[in-house]
Amino acid sequence: GKNEYDLLVIGGGSGGLACAKEAAQFGRKVAVLDYVEPSPQGTKWGLGGTCVNVGCIPKKLMHQAALLGSALKDAQHYGWNIAQPVHHTWSLMAQAVQNYVKSLNWGHRVQLQDKKVKYFNMKGSFSDPYTIRGLTKAGKETIVTAENIVIATGGRPKYPTHIAGALEYGITSDDLFWLKKSPGKTLTPFVFNVSLECAGFLTGIGLDTTVMMRSIPLRGFDQQMASLVTEHMESYGTKFLKRCFPTKVEKLESNRLQVTWKNTDLGTEETDSFDTVMWAVGRAPDTETLNLETVGVKTNSETGKIVVDASEATSVPHIYAIGDITEGRPELTPTAIAAGKLLAQRLFGQSSELMDYDSVPTTVFTPLEYGCVGLSEEMAVRCYGSDNIEVYHAYYKPLEFTVAERDATQCYMKVVCLREREQRILGLHFIGPNAGEVIQGFALGIKCGATYPQLMKTIGIHPTCAEEITKLHITKRSGLDATVTGC
């Protein structure tokens, strides 16, 4: 029989929505299936995926709340009379953030309607390679067929189910942003960027916050930068339990949570009680209900992610996958959006352009932000050898920190270059205020193959933090002091 839709997208997150809307621009008949399975703690949300509901958007807004707290302290040095002590009200912030997120959910529904994309609020699973069985919350079934199917269901936070009490008493980032009342004294075990970001803003709004890390922070990022980020967080008030791992969580009569952990350095067992335990042990692809094995869509047996080629095609010719659910792709909203648009253009717009996943910029929104684009120093050394790498670096002090007498010990930047001939820039790393804004601009240059001499010919904007990148001249190899002095 004739397929009902030219394109069916399973998953209404950033990548799925971008793909569906782009396909509709070509006059194709398009549908989106989206369903949010409530978290183990019962949290649920609307259309828009992780980024809008439980990721980038609420995280950045809560990060901003913490930055404003720091600005209140600075303000007194700049002559502002601020009555002490200042106090933060979680419920006011949470309500404002949640209201904004709900407005985005509504906006996505309106956009789909405007572009004539059919929206099904249903959980989808494959019946055969061209047929999806959709189930509503009430159990009503709808059968949808399509010539092309895109899987864009993303991932959900994992629970460490081997730890007693973890699932019963812990929350994840899926829940934190939707809490009506303050999480209070919080423990976040395991150090992924989301745990550091959340711990950072919780500390910033005045909550007693502890991060437990078994090994290295920010795995996959430049480790020198990761250490500086955690050092700054410690000086800022976040507590760190290093080389420790939790073994059980118990609920006390007071409703507080008692956590027991092992300290691997001392070989001891320790306990403390918290109001909230937020797990950040990584994310698992949301594929369980899709029935992929029935239609032969190959997944990586270790990660559970869908294996795709350079054109986002799975092992089944007309079935594609984009975003966090795909193997070997960065788990980032902008890459999912770009991949979704390009896929729709190849399917329906006579395009052959593939998504380029090289030199993707990103930022970790910790109290002192860390932005980067390109290779970490470790990866550059691994790829080219330490003798073929030149690293230019500097410790600098943002002008804003001077009057406020803020510590700038961890404000640092480095450019990782090839040593030979034109000294092409392989990676740029920046820790400091507005790191995302700084890196976004330089990302264009690096995408265009910028070299160190070209960077030196770039005129800085004075007096900014970003300007310091255009003045980098001390190499790590030289062993000279890399502290910027003077104007």
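Heads up, the Cβ atoms here are built off N, Cα and C, so glycines get one too.
Of the listed residues C19, C51, C51 is the one TrEMBL pairs with C56, by disulfide bond. Counting only same-chain residues at least 6 apart in sequence, those with a Cβ under 8 Å from the Cβ of G124 (FAD binding site) are I10, L33, Y35, I132, R133, G134, L135, V144, T289, L290. Residues listed for FAD, K60, G124, D324, cover a largest CA to CA span of 31 Å. Taking the Cβ of G282 (NAD(+) binding site) as reference, residues of its chain lying under 8 Å away and at least six apart in sequence are, in sequence order, P157, K158, F190, F192. Looking only at other Cβ atoms within 10 Å, the busiest spot among the disulfide-bonded residues C51, C56 turns out to be C51. Nearest by CA distance to H462 (active site, proton acceptor), out of the recorded positions C51, C56, D324, is C56. Predicted-model confidence for the domain 'FAD/NAD(P)-binding' (5-340) is 97, expressed as mean pLDDT.
Taking all protein chains in view, 16 other C-beta atoms sit within 10 angstroms of the C-beta of K60 (FAD binding site). Summary: among the recorded positions (D324, H462), the fewest other C-beta atoms within 10 A of the C-beta are counted at H462.
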